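Among the features that TrEMBL reports, domain 'Lactate/malate dehydrogenase N-terminal' is placed at 29-171. The NAD(+) binding site annotation in TrEMBL covers Gly34, Ser35, Val36, Gly37, Gly38, Ile39, Gly40, Asp60, Asn120, Ile143, Thr144, Asn145, Met254. The substrate binding site annotation in TrEMBL covers Arg107, Arg113, Asn145, Arg179. Taken from TrEMBL, the feature domain 'Lactate/malate dehydrogenase C-terminal' covers 173-337. Residues annotated as active site, proton acceptor in TrEMBL: His203.
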Amino acid sequence: MFLASTLLTHVGKLPLKVQQLGYINRGLKVAVVGSVGGIGQPLSLLLKQNPLISTLSLYDIKNTTGVGVDLSHINTRASVCPFEGKNGLKKAMDKADIVVIPAGLPRKPGMKREDLVDVNASVACEVAFAASEVCPGAMLAFITNPINVIVPIVATILKAKGTYDPNRLFGVTTLDVVRAQTFVADILNVNPQKVNIPVIGGHTGRTILPILSQCDPPYKGTDKEREALIQRIQNAGTEVVNAKDGLGSATLSMAYAAAQFVSSLIKGIKGSKDECIVECAYVESDVTEAEFFATPLILGPQGVKENTGLPDLDDDERQALDCMLPILKESIAKGIKLGEGMMSSCA
């Protein structure tokens, strides 16, 4: 009895890594920053259904209480804790295991993801500062666009604050994989969840590179069909923006993909003897000349367990990679410069 009570008393004082390695059998705290938005609400709904989440913490500028009360009526394990306003961000993120960030301005027709930098960089900066203070060991999963720029901004700030761990910072590119699986499955007339296809690079236009040569089951389209498929995957976000005719960007599909990625992070944290947890994500990388790059990653208790590197590429894919790298490196350089400039403004 004494042992049990002593253990419970000191659980909160144990190092985060010890808790994540499974020595303490507990549910996880996941914070959603931007929980009232078009992605945030369906994402929060999906996360509320995850049995391994014990606390679902919601943050937005306003109207979070209503969303929180609504979600709290769902009969699943996770308790819902809403926070809002200027002082709510740190409270929402306090001691979180995972912070997922869909907050930011969505795209409208005619806009590129890069057009969102000026507005959304401030969101990334605030989250980076809050994470450094209240949850330095958390996995940070950014959805906020443009991911190619946002992730380097956050990395730069975390480095300056002394809390950067490259294995715990992710740009969520899962939607590119989900779209590739869906579009290929439509062509092959198979179950999309049985399609395996890596998507590497970044998360905008030509930096999104689906590796069709490694598709399983095999994709055997003509050169013209292959090019059309690649362009559709690369421009799928714009397809949604145009279809919504000014009323939003990809929200439901992004929420689904983000929930899948968070679920994989949780499985990695909890550890699995029988399953290798693999997701593509945009992370610090040395597999190409680009300092940040998306490739298939094996996830574990500390985040990235192993970067599997570049999959085998055919000649066309190698050429596409060479053409994409200068674009990606320019975005990364911009993010690093912005991060350095924002250190004083966000402090």
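Cβ coordinates are placed from backbone N, Cα and C, and glycine is handled just like the others.
Bear in mind that TrEMBL entries carry predicted annotations, made automatically and left uncurated.
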> Where does the mean pLDDT land for the domain 'Lactate/malate dehydrogenase C-terminal' (173-337)?
Replying inline: 96
> So, by DSSP, how many helix, strand and coil residues make up the domain 'Lactate/malate dehydrogenase N-terminal' (29-171)?
Replying inline: 64 helix, 30 strand, 49 coil
> Counting distance between Cα atoms, which of the recorded positions Asn145, Arg179, His203 is nearest Gly34 (NAD(+) binding site)?
Replying inline: Asn145
> What's the longest C-alpha separation between any two of Gly34, Ser35, Val36, Gly37, Gly38, Ile39, Gly40, Asp60, Asn120, Ile143, Thr144, Asn145, Met254, the listed NAD(+)-binding residues, in angstrom?
Replying inline: 18
> Over all shown protein chains, what is the count of other CB atoms within 10 A of the CB belonging to Thr144 (NAD(+) binding site)?
Replying inline: 27
>> If you count other C-beta atoms within 10 angstroms, which of the binding-site residues Asn120, Asn145 is the most crowded?
In response: Asn145
>> Rank aside, I only need the closest one: which of the recorded positions Asn145, Arg179, His203 has its C-alpha nearest to that of Asn120 (NAD(+) binding site)?
In response: Asn145
> What recorded positions in the list Gly38, Gly40, His203 lie within 10 angstroms of Asn145 (substrate binding site), counting C-alpha atoms?
Replying inline: His203
> Cα distance, Met254 (NAD(+) binding site) to Arg179 (substrate binding site), nearest Å?
Replying inline: 10
>> Counting across all protein chains present, how many other Cβ atoms fall within 10 Å of the Cβ of Gly38 (NAD(+) binding site)?
In response: 19
